[in-house]
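Scroll down for the structure; my scribbles are underneath it.
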Amino acid sequence: MTGMGTVFRFEYTQQVRKKPFVITTVLLAIAAVIAALCPALFASSLESSGDAQTVAGGVYYADASLAGTLPFEDDHVYSSEGALRDAVTDGTESVGFVVSDPTHITTYYNNYTAGVAKDSSLVRSMLQQIYVTSRLAASGVSPEEYEALLSTPVEENRQILGRDTTTQYAMAIVYLVLVYMVVLFYGQTVAAAVAREKDSKTMELLITSTRPSNLILGKVAGLTCAALTQLAVVLAAFLATFAGARPHYPQAVQDMLATVLDTSMLGVYLINFVLALMLYMVLYAALGSLVSRVEDVSTATAPVIALVVIAYFLAFYATNGTTSALLDVGSWIPFFSVFVMPIRFSVGTASWALVLGSTAVTLAFTVALAWMSVRIYRWGTLRYGSRVGLVTAVRKAFAKE
């Protein structure tokens, strides 16, 4: 291997051919397909269950004029209150209703639980509707006229003078969860790959075949592209299923999606996503070179995991549109800004100037960190023994030889 391109191709092809990678990708794609189908399946179940609505339990109509007005099956209608009480007591019925008139009922429970309480609420709602309808009829108002009055629309002429940030909330949450999961998972993969090479003594051969910078940068680029490939396959499966299933979603879900699916900021998310991967991957690779055994990787990378968790919660705090000094500072710290800045911009608490400035700082810092990681990697790869801290590694890596 004589160059970074060769290392990149090797690492990428090795990663995407691994059985765990393929299995994980397939399982994630299946999960994405199921997630895209869920609203359509839920809509179908609602339609099938809405055709014949019945109420659980038994009923006795003390007011005979109300007989048959509630959706109880015939074998759950009792001829006396005593018979209904006995049925509830012996467990034949979970709940019993004695309907005295449209505004008064007596409910019998053997054992009172939240599950049976919902049936009482449904019966009361139906009787209320019956009572309102009868009073309207007595006043000469038809149910249709009453419904028309209740559904009178109020037209709103909405004028947004700034940005409509409500359309970005869903995309912001998706970005935040994706970057969090991908950084943690693939960061550990990069660190473990470096440590495994040291553990098997292959690093001594690799380091003599090409420059350390080619090794670390090629490895980081290859594994990062593998992560993006896996993500692209999962997203493609989701989007293809979503496109086919969307017409079958409930109308309420379709209306919501029309509001929240705004891809106008997709470029900002993609740039910060790639920056986050490159930034954390080079750091993970450097830390992986400081240990001699794969078992020590989790201990060596614990500080980075803490950084990712803090960045995640800081960005989640920003989703409600909050402005604070903590978020202002976090927007300029590269380890945090790749999480925080896209969220702040999406909810309208950061300007384009702030986004561009923060991105430039993060890009410059990533380049500097890559250069520093190369030095640490070169020093750490040929060092064996007990694990050393990052501060010690930096000092040793930059010490004059």
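The backbone N, Cα and C atoms fix where each Cβ goes, and this holds for glycine too.
All annotation found in TrEMBL is predicted automatically rather than curated by experts.
Under the heading transmembrane segment, TrEMBL lists 21-42 (among others).
For 21-374, the entry in TrEMBL reads domain 'ABC-2 type transporter transmembrane'.
Taken from TrEMBL, the feature transmembrane segment applies to 172-195 (among others).
Non-local neighbours of the transmembrane segment (216-245) in the same chain are 3-12, 14-16, 21, 24-25, 28-30, 32-33, 35-37, 39-40, 178, 182, 185-186, 189-190, 193-194, 274, 277-278, 281-282, 285-286, 289, 370, 373-374, 377; each lies 6+ residues outside the stretch with a CB under 8 Å from one of its CB atoms. For 216-245 (among others), the entry in TrEMBL reads transmembrane segment.
Residues annotated as transmembrane segment in TrEMBL: 265-287 (among others).
Residues annotated as transmembrane segment in TrEMBL: 299-319 (among others). Sequence-distant neighbours of the transmembrane segment (299-319) (same chain, 6+ residues past either end, Cβ-Cβ under 8 Å): 169, 172-173, 176, 180, 183-184, 187-188, 191, 280, 283-284, 287-288, 290-291, 326-327, 330, 335-336, 338-340, 343-344, 347, 349, 387, 390.
Per TrEMBL, the feature transmembrane segment maps to 352-374 (among others).
Sequence-remote contacts of a segment are chain residues at least 6 beyond its ends whose Cβ falls under 8 Å from one of its Cβ atoms, and for the transmembrane segment (21-42) they are 15, 226, 230, 233-235, 237-239, 241-242, 245, 248-250, 253.
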